[in-house]
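Participant: Here it is, the structure in full.
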């Protein structure tokens with residue numbers, strides 16, 4: 001099995017803003033070609049399929065949130081709009097990379113605390129923010145055009161113990177969990193289609209199109225969910241280092257959710273329940289109603305500081321998710337081939 005930290009580092013090094021996932025697709029193609037037939041579709045989803053028998057669709061999204069350049073000011077600053085669910089609170093002083101004619105490093109402008117009035121203490125609207133590239137207007141317009149995409153500058157760092165941080169662990173850690181399970185899944189008498197989907201952050205568009213072309217018996221989606229930190233209510237969050245979060249929701253198949261719990265308990269895999277009263281906010285919402293419907297389960301990795309440049313996870317939780325995927329499908333393979 002691949003080293004989890006090395007895999008996460010590899011997956012987080014590539015930019016994959018929604019609709020611009022090609023760089024990461026190339027990395028994933030190299031990894032997945034060792035396991036099965038790899039192909040893509042018109043939405044830039046990437047698929048890996050192998051085996052025969054009962055058909056399981058596995059999904060995680062590969063795209064990340066970011067920004068879109070809208071204009072250049074007279075002084076050479078870039079104005080922008082969000083691409084995906086951006087939290088405006090953390091934008092000032094964030095380091096970004098503009099994917100223009102060449103990659104350009106920049107910083108989102110911030111007012112020094114010494115100059116801030118009471119009015120300045122509110123959260124800025126996007127229209128009030130800009131990116132500083134350190135260039136004048138002529139220099140900027142030579143390299144940057146409206147419509148160019150902007151990502152939070154990529155990095156990957158280890159914290160203490162098994163904790164790591166990066167700007168795009170949502171949902172590269174989900175992709176990593178599936179990849180970590182593949183060696184074990186290849187030994188089973190089942191058909192596996194892994195879909196690493198595009199454009200989840202702008203409306204689950206990739207999964208909606210990709211799942212339509214897959215005739216699967218069941219689907220397991222992996223995404224991230226809220227990990228507890230001191231500013232959060234414990235009832236709203238899972239906990240890091242406590243294992244996989246198994247989803248329960250009206251849009252998920254309750255039998256699959258219950259079987260995931262039984263499987264985790266049987267195999268000593270750490271888990272926690274995630275209870276949702278409606279939609280899950282993940283690709284499971286659209287995969288479950290693809291065509292005439294696909295029975296769908298959801299497993300999540302608890303993650304702190306979602307949709308910020310410094311998301312944090314425990315790699316042991318990723319490994320717990322991988323273990324649960326492999327163990328659950330092995331159980332189902334035993335049932336359907338009994």
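Note: Cβ is positioned from N, Cα and C throughout, glycine not excepted.
Bear in mind that TrEMBL entries carry predicted annotations, made automatically and left uncurated.
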Participant: TrEMBL has 201, 307 binding Zn(2+) 2. Which one of 170, 223, 285 is in the same site?
Facilitator: 170
Participant: TrEMBL records 170, 223 as Zn(2+) 1-binding residues. Which of 61, 154 is assigned to the same site?
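Facilitator: Of 61, 154, 61 joins 170, 223 in the Zn(2+) 1 site that TrEMBL records.
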Participant: Using DSSP reduced to three states, classify residue 61 (Zn(2+) 1 binding site) as helix, strand or coil.
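Facilitator: Once the DSSP labels are grouped into three classes, residue 61 (Zn(2+) 1 binding site) ends up as strand.
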Participant: Do any of 200, 201, 307 (recorded positions) have a CA within 10 A of residue 61 (Zn(2+) 1 binding site), and if so which?
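Facilitator: Candidates kept after distance check: 200, 201.
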Participant: List only the single closest residue to residue 170 (Zn(2+) 1 binding site), chosen from the recorded positions 200, 201, 307 by CA-CA distance.
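Facilitator: Nearest candidate: 307.
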Participant: I need the least crowded one of these recorded positions (200, 201), counting other C-beta atoms within 10 angstroms of each C-beta.
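Facilitator: Counting other Cβ atoms within 10 Å of each of the recorded positions 200, 201 gives the minimum at 201.
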